[in-house]
Amino acid sequence: MEDEDECPELVPIKEKPSGPTAQIPVTIITGYLGAGKTTLLNYILTEQHNKRIAVILNEFGEGSALEKSLAVSQAGELYEEWLELRNGCLCCSVKDNGLKAIENLMEKKGKFDYILLETTGLADPGAVASMFWVDAELGSDVYLDGIVTVIDAKYGLQHLTEEKPEGLINEAARQIALADLTIINKTDLVHETELLKLRDTVRSINALVKILETQKSRVDLSEVLDLHSFDTKDGERLTKKLQLVKTSQPHLDKSMLTITFEVPGSVSEDLLNIFIQELLWEKTFKNKAGLPMTVIRLKGILSLQQKQKKVMLQGVHELYELEETPEFWADQEPRLNRLVFIGRNLDGEILKKEFISAVSNKDSVE
């Protein structure tokens, strides 16, 4: 796509065929300006991958021939609706959070296998992710598959060390904390020692995240799509993944890290809900320095009373859900609750103590 002659042309968009269609997975693509989000999306839009992918750009920037061709119609007027590309993909530019664009896309959803939603460089991907849980009408048509954060290998550490006013979270650290996958891009521009430091810093913030390293945003699409980060299809895989997560040691952003612990037994769902709500909504719990703990991402596999299947806990900011997985607790398998918290000012010792105290009332732990 380097040659402007190769830019896609506008073609009419046909309405979706009649008949039932499956839910469409949505992946949120986030990252700082210049990290390589647009390059990644351009690659996906133009690569032959036999998938019908709709890409929703938050806004078109200045620069590449592809962007210019997308933003201008055949009549030379600004084009902010839909553009279908030769490989079957679709592109859209919107000026809002993408909600209207997705609703419009649903009218044509029979044409697509996947939706990629770009956020602006400083946007909080958690706020965008939340709309998929809150909007029941959207929820029937789409589901959130994962959050992908693109990081500039050369300037990533600089963004992470940027000082913020008291009480504000570093945006780059937040984007990593929320990510299911991070793509460290432009690795050819840094030495291995710098790359190692960035890799360690990413891992210290989010011990759950998968890390890919690349140049020019070239990645295997199978690594980016179908992450199933928010569903319960594979409870066994999540259980094994959580077993490998360790409490991290803070690096650059000393207030942002991953905490994990496990507590044996089965707990009351009602008391568990109270604990989670006090943590996420009320921000009741404070660390040893007296600072309120802020959880940005929460995951867990839990054993609830009167339930024979393992229950998955997912949380983003103030929103959370508990959902049964297909996996049963085996007869001889010890029942336990394993939780992973990613956020700011977290103290694992205090969190575990508060969890046990909250769910231990009224003989709730069996």
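Every residue, even glycine, has its Cβ placed from backbone N, Cα and C.
Over in Swiss-Prot, the protein carries these features:
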- 5-12: motif 'psi-PxLVp motif' (MOTIF)
- 31-38, 92-96, 185-188: GTP binding site (BINDING)
- C89, C91, C92: Zn(2+) binding site (BINDING)
- 89-92: motif 'CXCC motif' (MOTIF)
- 258-357: domain 'CobW C-terminal' (DOMAIN)
Revision key, fill the gap. For the domain 'CobW C-terminal' (258-357), the DSSP residue counts stand at 24 helix, 47 strand, 29 coil
Study note, to complete from the structure: Row T187 (GTP binding site), column other C-beta within 10 angstroms, all chains, value 16
Point to revise | DSSP three-state assignment for K37 (GTP binding site) | key: helix
Study note, to complete from the structure: The answer, for which of the binding-site residues G31, G34 has its Cβ ringed by the most other Cβ atoms inside 10 Å, is G31
Exercise for review: Enter the number of other CB atoms within 10 angstroms of the CB of K37 (GTP binding site).
Suggested key: 27
